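What Swiss-Prot records for this protein:
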BINDING   Ser113, Leu114, Leu115, Pro116  (6S)-5,6,7,8-tetrahydrofolate binding site
Amino acid sequence: MVHSKSLRIAFFGTTSFAAWHLHTLAHLSTHQIIAVFTQEIQISTCKSFLSLHKIAKKYNISLFQSRTLSISDIIYIIKKINVDLIVVVSYGLILPQEILNIPRLGCINVHGSLLPRWRGPAPIQRALEYGDSITGITIIQMDLGIDTGDILHIMPCKIFPKDTSCTLSNRLVNIGSAMLSQVLDQFILGTFTLIPQDSTYATYAHKLNKQEARINWNLSAIQLERCIRAFNPWPISFFQIKNDRIRVWDAEVSNQNINNYSSSTSILPGTILAAHPNGIYVVTGSGILILTMLQISGKKITSVRDLLNAYKEWFKPNSVLE
């Protein structure tokens, strides 16, 4: 049954983050999701991963893979289905003005940061990488810029010391889904307000790539620990041993001094100081990083305690990791 004050919505999204918002809209909302546009099928090791394709199928929503469509095709479809509003969540492509102009209420975007900080495609990961203590969700009225539109709603979210991109994303989904429902109600009632962003405070969250996940031991232990959490569950921080890629799923910063392990004043970053059941202690550009959860190529994720039972020779003290 269609609610008398429901909106006809087209949903644009690609990631699991988007899929959870679609799930909430389709499951709890009185609004009609007429069509879903997505870039491509995605997979993830995150336990909370949700497929946007499965959600569309479950709720019998027409799904279009936009990489196989031209802009003119998308424009034609949007006009034909006669939507009131386009909702964009983690879509990954910029919508041209021709599409933004079609819905009578325009297009809104649910973004995983406190805009204008961390505009761009990887706001959750960059907030963790740079050691932010707080982030949040911002819903904006879209314009042609990258996350530059006026703010409809904004809500903060604390970042905890052991948060990964996966755990932080899970909390942001809950916040974003609730906020989206509120904003849609405001559109129906005509009670929404728009607040311009102050671009002098803007930062940009560049897209992640696999190569930046390679551990640079010249960075500080604090920086590396942040990167390991930021790049979990993708692309996963890694280093090399014997031509094997070793992925690092968890680590912590040691409060011990290098002098506790060696009297040398010229230890190379990447040098293993000790390999204990509780972790592998590695010299960095500043401080010691303790590796606690690792994964050898083709093997399961395992604790260092279990790993050393079979690969102790790989982690001898004074050897240098690549």
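Note: Cβ is positioned from N, Cα and C throughout, glycine not excepted.
Sequence-distant neighbours of Leu115 ((6S)-5,6,7,8-tetrahydrofolate binding site) (same chain, 6+ apart, CB under 8 A from its CB) are Thr138, Ile140, Asp147, Ile151, Ile154, Gln197.
Packing around Pro116 ((6S)-5,6,7,8-tetrahydrofolate binding site) is summarised by its Cβ count: 20 other Cβ atoms lie within 10 angstroms of its Cβ, all protein chains included. Of the chain residues outside the (6S)-5,6,7,8-tetrahydrofolate site list Ser113, Leu114, Leu115, Pro116, His111, Arg117, Trp118, Arg119, Pro123, Gly136, Thr138, Asp147, Ile154, Gln197, Ala202 have their Cβ within 8 Å of the site's Cβ mean position. Leu114 ((6S)-5,6,7,8-tetrahydrofolate binding site): 21 other CB atoms within 10 A of its CB, across all protein chains.
Here Ser113 ((6S)-5,6,7,8-tetrahydrofolate binding site) comes close to Arg119, Pro123, Ile124, Ala127, Thr135, Gly136, Ile137, Thr138, Ala205: these same-chain residues lie at least six apart in sequence, with C-beta atoms under 8 angstroms from its C-beta.
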